[in-house]
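Colleague: Structure in structure tokens, see below.
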Amino acid sequence: MATSRVSKHFLFQLIFLALIAFNRANGQGLTPDFYKHTCPNLVYTIRTVVDEVMSVAPTLGGPLMRMHFHDCFVRGCDGSVLLDTPNKTEKYAIPNLSIRGFQIIDKVKTAVEKVCPGIVSCADVLAAVARDVTVALNGPSWEVEFGRRDGRVSTVNEALANLLSPFANISTLKQGFQAKGLSVKDLVVLSGGHTVGTSHCSAFNNRLYNFTGKGIQNDADPTLDSEYVPKLKSKCKFGDRNTLVEMDPGSFKTFDLSYFSLVAKRRGLFQSDAALLDDSETRAYVKLHALKDKAGFFKDFADSMIRMGRIGVLTGTRGEIRKVCTKVN
């Protein structure tokens, strides 16, 4: 009988620990009011710096928004993408070489440290900046949940293993999002973030030249609109890896619905964009918002960003509150 009671007690402990792990993995403990008393001017402080930056450098909006995504998909939303050890940390992985604006995060963190020293994590700064640049680009707003702590580990290999490639097919994309606890709908909604920003030719050059690998230079991806190919080739010559091209031509500085119209017309820049037409659920969403349901998309994007911001967060006593975002304390 005593052994039975001990076994039950041990089982309850395991269940309790499992629930704690589940809650942490799903962002439990995060709240918009986390800094209400310890840093009441946090939101105003961050927004002031972001608005100042965006007024002179709006092209940083897209990279700063995606920095939060790239952080959350590797080890969770823990600010690990900001750690800086040359050729060793996440920011030096190939998928992150296109991310710009790290100095802006440093600028924001410095401003926050002046008003609330040692209180606010770099991970929370990233989440708030992602929201504020979206708003500055005429996109939706949402209540950012706070309470994340910063991780102490960051490696190139983990970034390579977890960040989804612009060359990914729909199966890989769905599996990648599912692994992070996100839905198929979240996949297509967050892909809509490609409505702002630019990309290096290297991320899609293979769709323009020798796509089948048979050595035929003019062999383009058949899923790409044939009338769009010459326009892209005029910007990206064969082998060009460095030229920057607008992901949403004509409105790459404005958060709008044009991305979905482009994808529906088979003019999405990446193979991962084109892949959204290969699944019934993602295709239906693309076609719906190609018809300009702005309010619906803006609400969905806000909801998906909140869910993404809960991935694998460190809370309580785990991790640390980094004083400088580029290095552990």
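Using N, Cα and C of the backbone, Cβ positions are placed for all residues, glycine too.
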Colleague: If you have TrEMBL open, could you say which of C39, C72, C201 makes the disulfide with C116?
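Modeller: Cross-referencing TrEMBL, the cysteine bonded to C116 turns out to be C39.
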Colleague: What is the disulfide partner of C325 among C77, C122, C201, as given in TrEMBL?
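Modeller: So the cysteine that TrEMBL bonds to C325 would be C122.
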Colleague: Which number gives the other C-beta atoms within 10 angstroms of the C-beta of V74 (Ca(2+) 1 binding site), all protein chains shown included?
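Modeller: Excluding its own Cβ, V74 (Ca(2+) 1 binding site) sees 26 Cβ atoms within 10 Å.
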Colleague: Quick check: which same-chain residues outside D71, V74, G76, D78, S80, E90 lie with their CB within 8 A of the centre of the Ca(2+) 1 site CB atoms?
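Modeller: Output for this site, in sequence order: H70, C72, F73, R75, C77, G79, V81, G151, S154.
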